[in-house]
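As given in Swiss-Prot:
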- 11-97: domain 'Core-binding (CB)' (DOMAIN)
- 118-298: domain 'Tyr recombinase' (DOMAIN)
- ARG157: active site (ACT_SITE)
- LYS181: active site (ACT_SITE)
- HIS250: active site (ACT_SITE)
- ARG253: active site (ACT_SITE)
- HIS276: active site (ACT_SITE)
- TYR285: active site, O-(3'-phospho-DNA)-tyrosine intermediate (ACT_SITE)
Amino acid sequence: MTTASNTPLPSGLRKPLDQFYEYLRAEKGLSLHTQRNYKQQLETMAEHLHSMGLKAWPQVDAGWVRQLAGKGMREGMKASSIATRLSSLRSFFDFLILRGILTANPAKGVSAPRKKRPLPKNLDVDEVNQLLEVNEDDPLAIRDRAIMELMYGAGLRLAELVDIDVRDVHLRSGEIRVIGKGNKERKVPFAGMAVEWVGKWLKVRSGLADPSEPALFVSKLGTRISHRSVQKRMAEWGQKQAVASHITPHKLRHSFATHILESSNNLRAVQELLGHENISTTQIYTHLDFQHLADVYDQAHPRARKKSSQHKEEDE
């Protein structure tokens with residue numbers, strides 16, 4: 001944003017600012033550092049409003065506030081810096097409401113731009129194949145490969161995977177019932193190597209699981225496996241299989257999404273498969289049924305195409 005100019009602010013802008021600074025000092029008891037931060041933010045915004053022809057704070061509406069935020073974005077300000085300025089402005093407007101200068105806070109409905117979170121690097125298909133070439137007969141190794149095949153084969157969140165019960169898995173139809181964010185239930189297709197290795201795990205699971213334990217994946221103690229255990233075992237397998245990238249559950253989920261999208265170019269289906277919340281809005285305009293999702297999955301997923309030749313498992 002522009003720096004303060006030498007042109008004095010009109011009294012309609014200047015006087016309320018000075019009153020607010022005194023309020024911060026005398027009544028709020030804020031530190032000098034915090035007071036300076038408020039003043040720096042507000043002076044810059046006041047100068048910009050003045051340059052746009054405003055002479056008093058009651059002239060400011062949500063549109064002007066959005067212009068301030070937009071100007072910051074265009075000038076390359078960080079999202080966190082814009083959020084700080086909007087926060088200062090909201091506090092100032094609340095003060096003006098207390099003083100009867102404003103009747104409503106025009107910055108209340110204006111959101112700062114979201115901070116861009118860098119996506120985790122995904123594995124390429126060769127790295128995934130290298131990771132998943134686990135052919136040990138130990139029940140825990142079979143379990144771990146089933147977990148990784150399912151995580152990559154269905155794009156599940158870690159919490160979704162850990163919460164799966166045996167009754168949620170249907171091998172013959174290639175469906176898993178999962179509970180996603182917001183306690184929302186969805187059916188997820190899985191196939192090929194994921195079906196094969198979950199089936200292998202189910203054959204040896206009874207040797208580890210307590211008879212009353214409903215969880216699909218259990219620890220060596222026979223109870224539902226923990227999030228931390230899954231993370232730890234995946235990282236260990238990444239090292240054991242000499243995969244260069246650090247292996248995490250979310251990296252497998254992200255790789256699933258990337259590889260499906262690269263193969264199908266069907267962003268809408270990928271969003272459905274991942275269970276993203278914003279799908280509920282787009283479903284008003286277009287609805288993809290489960291069979292369509294399963295078809296996209298079967299055609300696009302690199303390991304779904306590796307069908308086991310004579311897989312005849314019953315539903316578990």
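Cβ coordinates are placed from backbone N, Cα and C, and glycine is handled just like the others.
Values in this document were obtained by computation on a predicted structure and should not be read as measured data.
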*Determine the mean pLDDT over the domain 'Core-binding (CB)' (11-97), rounding to the nearest whole number.*
89
_At a 10 A cut-off on CB-CB distances, which of the active-site residues HIS250, ARG253 has the highest count?_
ARG253
*Whole-number Å only: compute the distance from the Cα of ARG253 (active site) to the Cα of LYS181 (active site).*
15
*When the number of other CB atoms within 10 A of each residue's CB is tallied over all shown chains, which of the active-site residues ARG157, LYS181 has the maximum?*
ARG157
_Quick check for the class: what is the C-alpha distance, in angstrom and rounded, between ARG157 (active site) and LYS181 (active site)?_
9
*How many whole Å apart are the CA atoms of LYS181 (active site) and HIS250 (active site)?*
15
*So how many of the residues in the domain 'Core-binding (CB)' (11-97) end up helix, strand or coil by DSSP?*
71 helix, 0 strand, 16 coil
*If you run the three-state DSSP split on ARG253 (active site), which class comes out?*
helix
